[in-house]
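Features of the protein shown, as given by Swiss-Prot:
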- 1-47: transit peptide (TRANSIT)
- Lys126: N6-acetyllysine (MOD_RES)
- Lys126: N6-succinyllysine (MOD_RES)
- Lys135: N6-succinyllysine (MOD_RES)
- Lys184: N6-succinyllysine (MOD_RES)
- Asn205: site 'Transition state stabilizer' (SITE)
- Arg213, Lys228, Pro229, Ala230, Glu231, Gly284, Ser285, Thr286, Thr287, Thr288, Gly289: NAD(+) binding site (BINDING)
- Arg213, Arg334, Ser498: substrate binding site (BINDING)
- Lys265: N6-acetyllysine (MOD_RES)
- Lys265: N6-succinyllysine (MOD_RES)
- Glu306: active site, proton acceptor (ACT_SITE)
- Cys340: active site, nucleophile (ACT_SITE)
- Cys340-Cys342: disulfide bond (DISULFID)
- Lys365: N6-acetyllysine (MOD_RES)
- Lys402: N6-succinyllysine (MOD_RES)
- Lys411: N6-acetyllysine (MOD_RES)
- Ser499: phosphoserine (MOD_RES)
Amino acid sequence: MATCFWLRSCGARRLGSTFPGCRLRPRAGGLVPASGPAPGPAQLRCYAGGLAGLSAALLRTDSFVGGRWLPAAATFPVQDPASGAALGMVADCGVREARAAVRAAYEAFCSWREVSAKERSSLLRKWYNLMIQNKDDLARIITAESGKPLKEAHGEILYSAFFLEWFSEEARRVYGDIIYTPAKDRRALVLKQPIGVAAVITPWNFPSAMITRKVGAALAAGCTVVVKPAEDTPFSALALAELASQAGIPSGVYNVIPCSRKNAKEVGEAICTDPLVSKISFTGSTTTGKILLHHAANSVKRVSMELGGLAPFIVFDSANVDQAVAGALASKFRNTGQTCVCSNRFLVQRGIHDAFVKAFAEAMKKNLHVGNGFEEGTTQGPLINEKAVEKVEKQVNDAVSKGATIVTGGKRHQLGKNFFEPTLLCNVTQDMLCTHEETFGPLAPVIKFDTEEEAIAIANAADVGLAGYFYSQDPAQIWRVAEQLEVGMVGVNEGLISSVECPFGGVKQSGLGREGSKYGIDEYLELKYVCYGGL
């Protein structure tokens, strides 16, 4: 069993006897929960002591395959991005473990697809209930491994759990069709059937929600999954596996294979090219998405891709400045700017430009507080690693060298190497890196424009199109701009747009397919036409 550190000394408690640790085992004729003691407690370390009292059963370090916790031949370290301290050593899965996980998922699929929609719904609901019961501990795991402020981590856990709740309900609403044909002795049926095993590859910035948004839909449809979590944040995926086991999700239905950055490429390729895998779902960079699309093309697998963004945030002269500033803070600085729908380019009309920049700078200084995610009042945690900081630094230096002005921020924060000051730039032009490279950090560059047509042209001058935002009080303009923005999601006078009930996804090179909403489950279903003759 892979090892972790420190938790024994902080008095971690175990889950109560109502939900004892258990594993799952196959049985002839079906898949059932298996009894037996869970492995011993994992131990994590966080310099802020934020994991004291955490449920030890949630702190897993081995892979979860076929309902069993399995070690790997090697381990890799997971670090607290705030302090750089080691949180623990996690199983470093390779190609062999990846193929074993796919086989386990495929064997489980043969039985899981036959489980009634009502029963699948019930199991997903139990999983949701367990997430809610353990929400505080799950949030602290997120903060420990990603650096996200604890308040935001709590928000992510609720968001994550709501996907399980939503798809537990959608599981019972997978309807087909009856089509009356021209021939009197025939009837045509359209069935919806689960596609098979899904390979799920998730990012570090939402280590829980990006799993349940995919896995909830897959399991509701009758598919099984192999999850490869980001190497920076494997603990959240493994904690979800523990709760899935407790909920009674059968062996092999949900599998997790953590791996190091060194093994990530070969493990990703192994699960995406395996002939037993029918579906690939990925959230991450456009560059990596293209590689996975190439893997999928060789065997024509179904894909869902939620890739990079370069979200414009447009402020027209008619906008309410206070509302626009509030929306800008929310859309830019959530998770320290590390979300795919974060505003990356601020386009502000000349007549309101100076007032907006002044108010935005004041709001940033007043409301954004850099610190460790476990500390009360922190709104801006660390970036995930030093490479992310270097990217922000590079964009700031490039912009300044080309004539941009630093209004506030602009440099690394004194707290440590992974912290960067929330930064606002003005006098930004379109030849600067920050206007055509996704930042993924706390940098807000402001471009001044004159006309609506100019703003639309700048906003659409990108090969990606995930989200876009704009503020206006002109009803006619609202309709024009909303329809003309080349993005998959639009926020009108609103900076936070994600919801489990609404479809999430982009256009252009921002991806393929939609997640969440009533449309999300269709990504894991095949249509089958049945012609019934001789009537």
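Backbone N, Cα and C define each Cβ position, glycine as well.
Considering other CB atoms within 10 Å as the measure, the emptiest surroundings among the recorded positions Asn205, Ser285, Thr287, Ser498, Ser499 are those of Thr287.
In sequence order, Asn205, Thr283, Glu306, Leu307, Gly308, Gly309, Glu438, Leu466, Ala467 are the residues of the chain that are 6 or more apart from Cys340 (active site, nucleophile) and have a CB within less than 8 Å of its CB. Here Thr287 (NAD(+) binding site) is positioned 28 angstrom away from Lys411 (N6-acetyllysine), judged by their C-alpha atoms.
Cα of Lys126 (N6-acetyllysine) to Cα of Ser498 (substrate binding site): a span of 24 Å. Mapped onto three states, the DSSP output places Glu306 (active site, proton acceptor) in strand. Of all the binding-site residues listed (Pro229, Gly289), Gly289 has the fewest other CB atoms within 10 A of its CB. Most Cβ neighbours within 10 Å among the recorded positions Lys184, Cys342, Lys365: this distinction goes to Cys342. According to its DSSP assignment, Lys411 (N6-acetyllysine) is coil. Residues Arg213, Arg334, Ser498 are listed as the substrate binders, and the farthest two of them sit 19 Å apart at their Cα atoms.
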